[in-house]
Amino acid sequence: MDFLAGCIGGAAGVLVGHPFDTVKVRLQVQSVDKPLYRGTFHCFQSIVRQESMFGLYKGIGSPMMGLTFINAIVFGVQGNTMRLLGRDTPTNQFLAGAAAGTIQCVICCPMELAKTRMQMQGTGEKKSKRKLYKNSLDCLLRIYNREGMRGINRGMVTTLIRETPGFGVYFLAYDVLTRSLGCEPDDPYMIPKLLFAGGMSGIASWLSTYPVDVIKSRLQADGVGGVNQYSGIADCVRQSMKQEGWRVFTRGLTSTLLRAFPVNAATFATVTLFLMYMRDEEEGKDCEPSPSRSLQQQQPQASSL
């Protein structure tokens, strides 16, 4: 049940947020000496004007393939970890989320590598004269043939540093907010509350680890033109700080937060409502459902695979 719920929630999130992600990546990796974009909205306008609306959806194939499995893994692992920990406490919510974030990196890192490379391809061109990659799968195959498994997992360490605490904050914030807002099944404002809790959880998660995401994007985009600029994480941090100062770690933050709210609102609300519906259907076969059931029993945190 969690697998299907995660898949549906992931697909909803990708469709809503991918254009913002394209803008985020372009802003994070653009040259400081010759910047193409002045800011978030200028980047949006430039991509649409130069590359059409389809430019905002470059690389969407990779997250559409990967995020369905990622969400299934995340919600499944988190729910089962909560069962193993036994008690539903804020600390356990964080630990369960961190465990889920760590495990899903196996899929997340290659997926984001392909997405980043595809998003950078043909920058500023409506029709790319020379396409290095045909699609996300071709991108990964070419990287593997040239660099092996090490190339496929470029940025894995920074992905782990970002995702482990990031998902801990993600599930902790959602649990705290749904409890505070009193999200009950018979509440007429339950859906707006779920959307708000999911959206704010996404924002809290991104704010907690965003500087790491900037470094990850730069490492994964490095070498697109055939020349590697960074020798590793420390070198990337050092060069970025030297050239741009501390502000480099906020590159693309506006578009990220604009994306984070609707994407995570759609994802969490979809998963929670789907699980509620499925469990009501299952219980209806055996007995009359109790009207006094709290939403806490039906949230993703308490679910199992």
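Keep in mind that glycine also has a Cβ here, set from the backbone N, Cα and C atoms.
Fair warning: this is a prediction, and the values are worked out from it, not measured in the lab.
According to TrEMBL:
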| type | residues | note |
| --- | --- | --- |
| COMPBIAS | 289-305 | compositional bias 'Low complexity' |
| REGION | 283-305 | region 'Disordered' |
| REPEAT | 1-84 | repeat 'Solcar' |
| REPEAT | 88-180 | repeat 'Solcar' |
| REPEAT | 192-277 | repeat 'Solcar' |
Counts by DSSP class (helix H/G/I, strand E/B, coil) across the repeat 'Solcar' (88-180): 73 helix, 0 strand, 20 coil
For the repeat 'Solcar' (192-277), the number of residues DSSP places in helix, strand and coil: 73 helix, 0 strand, 13 coil
Whole-number mean of pLDDT values that fall within the repeat 'Solcar' (1-84): 75
